[in-house]
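Peer 1: According to Swiss-Prot, the record shows the following:
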BINDING   Lys45, Gly52, Arg53, Gly54, Leu94, Glu99  ATP binding site
BINDING   Asn193, Asp207  Mg(2+) binding site
BINDING   Asn260, Gly317, Ile318, Thr319  substrate binding site
DOMAIN    9-240  domain 'ATP-grasp'
Amino acid sequence: MKLHEYEAKELFAKYGVKIPPGRLALTPEEVRKAAEEMGPPVVLKAQVVVAGRGKAGGIKVAKRVEEAYELSKQMFGMNIKGLTVRKLYVTKYLEVEREMYLSLIIDRATRRFLFLASPVGGMDIEEIAKTTPEKIKRVYVDPFVGLRDYHVRSIVSWLGFSPGTAQWQQAASIVQAMYKIAVDYDAELVESNPLALTKEGDVVPLDARVIVDDNALFRHPELEKALEEDPRDITEFEAYAKKIGFHYVELDGDIGIIGNGAGLTMATMDLVYHFGGRPANFLDIGGGASREVVREAVKVLLNHPRAKVIFINIFGGITRADEVAYGVKEALQAAGGTTKKIVVRMKGTNEELGRAILAEIGVPLFESAEEAAKKAVELAKL
């Protein structure tokens, strides 16, 4: 479960970390009220649980109350990496002396917690990691030993603070709080980027991210409730798929994928990659899917803005090929046709009947998955 920034900052505050003043807003009017209460300048931050929202236009600075109001009208409803902005977090703008990076993850190879710290941070941290990896310090913490003072000293000194200063103590408190959050909330990631030294001399997390292990949510009923009320990182297609009853994951390519069974669907994606294409999604209709489920699955990809081609790969055991074919036919009829190309490979139960149905509507059928995948990639490049 990915927490929104405002939720992550509430956790930081719960563990004694000083955070910048902020208000959650659901409407432009609430943004205006928050800006009036805090006084400009303020920062408007889109609450979507993806990295890189700043570069995508999801963070804006407003120097006047009315500017905050007008900017918020532009930001509400915008799409950032497939997610619609429905909440804005309005925070007080702080003058920053220096930006740093600090995160805590789980290193599964060593079965230990791993702190990553850098005296430089911000939107370009990925580039920094690539070009100057020596600026990032790695500090491992054995969970059976716990976080010790020597761990904290190593991290805080690397961030550039001197022992005995107020900044040292603030940074140390943040390190300790992040570790406690990770342990108490079964977190897979606790991050502040940027962690900032303000011109007033305070060390504060300007941004905060927390990802909680989904398998541990039963231990955190308050988070389960929050997830039910706000699905957060589920796209509109994923939400619709969940409602219908098939498994769907959004990806960034242009070839729509439909398969029956997770293994076959993933193998289909691998074939697309093998021939130089990129899947737009993972969509598993499951075993024994009816024509209604197939119809809705095809409709999802017909409406997908990036999917140029729809590649359907079916092995019919308990899934009947004629039901799949009827589902494709009904989806196309409901849409009034499509300019998207559809490629089908279908083997198994009632295969001949399914072939005949697809032939009626002019959908090509391929003998092998490799041949079909290659054709799908070729069509996507046209």
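Cβ atoms here come from the backbone N, Cα and C positions, even for glycine.
Map these features onto the structure and tell me what's around them.
Peer 2: Here the Cβ of Gly52 (ATP binding site) has 11 other Cβ atoms within 10 Å, regardless of which shown protein chain they belong to.
Secondary structure at Asn193 (Mg(2+) binding site), as computed by DSSP, is strand.
The Cβ of Ile318 (substrate binding site) lies under 8 Å from the Cβ of Gly287, Gly288, Thr349, each of which sits 6+ residues away along the same chain.
Here the domain 'ATP-grasp' (9-240) has a mean pLDDT of 94 out of 100.
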Peer 1: Looking at the binding-site residues Asn193, Gly317, Thr319, which has the shortest Cα distance to Leu94 (ATP binding site)?
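Peer 2: It is Asn193, whose Cα lies nearest.
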Peer 1: What does DSSP say about Arg53 (ATP binding site): helix, strand or coil?
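Peer 2: In the DSSP reduction, Arg53 (ATP binding site) maps to coil.
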Peer 1: With the substrate site defined by Asn260, Gly317, Ile318, Thr319, which remaining residues of that chain have Cβ atoms positioned within 8 Å of the Cβ centroid?
Peer 2: Gly261, Gly287, Gly288, Ala289, Ile314, Phe315, Gly316, Arg320, Gly348, Thr349
Peer 1: In terms of DSSP three-state secondary structure, what is the assignment for Lys45 (ATP binding site)?
Peer 2: strand
